[in-house]
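These come from TrEMBL:
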| type | residues | note |
| --- | --- | --- |
| SIGNAL | 1-23 | signal peptide |
| DOMAIN | 25-149 | domain 'Bulb-type lectin' |
| DOMAIN | 339-421 | domain 'Apple' |
| TRANSMEM | 442-464 | transmembrane segment |
| DOMAIN | 515-610 | domain 'Protein kinase' |
| BINDING | LYS543 | ATP binding site |
Amino acid sequence: MDAKRLFLHPLLMVHHLFILCSSSVDTIARNQTIKEGQLLISKENHFALGFFSPGSSRHRYLGIWFHKIPEQTVVWVANRNNPITGSSGVLSVNDNGDLVLYGDHEQIFPVWSANVSVEVADGCEAQLLDTGNLILFQGTRRNKRILWQSFDYPTNTLLQGMKIGLNKKTGFEWFLTSWKSPHDPATGNYSFKLNPSGSPEFYLYKGGNQYWRSIPWPWRTNADAYNNSFINNLEDKYYTFSVDYSSVIIRLVMEDSGSLKRLTWHENDSQWKEYWSAPKHKCDSFGQCGPYSLCDPYNFTNYECACLPGYEPKFPWDWRLRDGSGGCVRKRLKSSSVCGHEEGFVKLSNVKTPVASAAVWVDMSMSRMNCEKNCKNNCSCSAYASIPIAGKGTGCLAWYGELMDTIDHTYYGYDLYVRVDAMELAERAKKSYPSLKMKGRLPIFVLSIAPVWFFLTIFTCLWLKRRVKKRSRKSVDSVSGCKDIFTTNELLDSNKHQDLAFLSLNTILVATNNLSSANKIGQGGFGSVYKGRLSNGQDIAVKRLSKNSGQGKEEFKNEVMLIAKLQHRNLVKLLGCCIQGEERILIYEYLPNGSLDLFLFGKKVILELE
């Protein structure tokens, strides 16, 4: 009987070994092993666990890879910093219930373990799941207690269901670290981690130095195949993602080059294709332009760095040398100028908002106007953003302190409102900024109702035309004979010439910077109004009439001379004109302290209109 038992025992061991080698097994029990040439394969054949050598390396590692993909793609490595020499590696669940990797067949020298200890090791098994997660559990498959899992110890790859973040109670972190090289999976120089302070953000690090930052959560994406999620509860704060279709294979990889990439597997081409990556451009480099700056990655003609509204370079000379690391400071350093002194906000559209460690979620459901009011009432609030929150409308994120790492023209960005003083608002009212939209009450421009006044004047001129026809003809004749007036560079002295001065088109172009949009101060049905300055320093307002008015040269001259005769002390003075080719231009005196309606009706009417 004893001889029979001794004979059957080795047969059972051989039978077990045969089954392990010849069939798809996803689990090993206590005192069972995985050796060279053997694999653990998940139930649906999605993942495999076994020994491999990366690239040209001769060292052996225990890892997990996609089983159905012909190109071996490793997603997790157990002994990344302790390679095995030769083919003597053995993985087993030992008598203590721990999952241990040995570097020798005798299982004497452990090179890696799950570092688990249980009082009773009965029922301890290791299983490879179809998610790619290797778990060590105790109990039955239906009623199991997970003792350890590989998803808690990621290497360079994030799969769906894995986490990047931390456990608030224990301080335990989930993060990615790159391989040293394609031939060495040891811990590399680059990592991808959560910054838990302020609004959740994720950083790329080289060693201990930040070199890239995500936008604050929530992220705007146009992804159809996967869903981003951020969990923030009493125990955990982490990012994860899920895939909607089982046929779609997605992974997020921290590469040894320092690039973070989201890759998808394309079956038809049998290759991984890049879905998204970071960093992409110069402005992605963390703090490229210093604090209180705006970096534009698509500014190919000028320097990519600019200061935020209301700020100027801290070190102008360094700025000229294309070194913006010193950043910017307020133009007017007294902080009181932006607190209770008619300050406002300048809108920056579609930007990567500043570092959120200095930001606070005021409310997860608040309108933009209430968000602005909340920020304005706190003198420490330097900017705010109204961010869409799924199912809650918009949330209010406010910055209290330094504004660092703001990037322009970001595809998934938000609108940022930067706090500026009243003087900055006034300065911006006089200029045109296509990429910066001013928020607040706009000053009224000079000659805002000039087209209406001009129409009424022309109507009056037509009525009085016959009464002054003889006198106007003499004036026109005298003007037509003055050829030298067309070459003058300034308005003629009114004491010497009682009617009008005629300016050349070239003089007007010089005075208005070629009628540039920066000099444009108004627009009406009869044409555009520009501010100009003559060579003698005199400011003028230039009214360029539409070319489709249909007036001839002589008819236009007659009407201009009549307008000059009708000058009134309560009207903006007409100083001269230009008639050259198809151009019909009127030159008025410039009113720097108010518009025409303010001049005519006084301040009281303006306030009532507002």
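Every residue gets a Cβ built from N, Cα and C, even glycine.
Shown for the domain 'Bulb-type lectin' (25-149): DSSP residue counts in helix, strand and coil, namely 0 helix, 56 strand, 69 coil. Across the domain 'Apple' (339-421), DSSP classifies residues as 12 helix, 41 strand, 30 coil. Under DSSP, LYS543 (ATP binding site) is assigned to a strand (E or B) in the three-state scheme.
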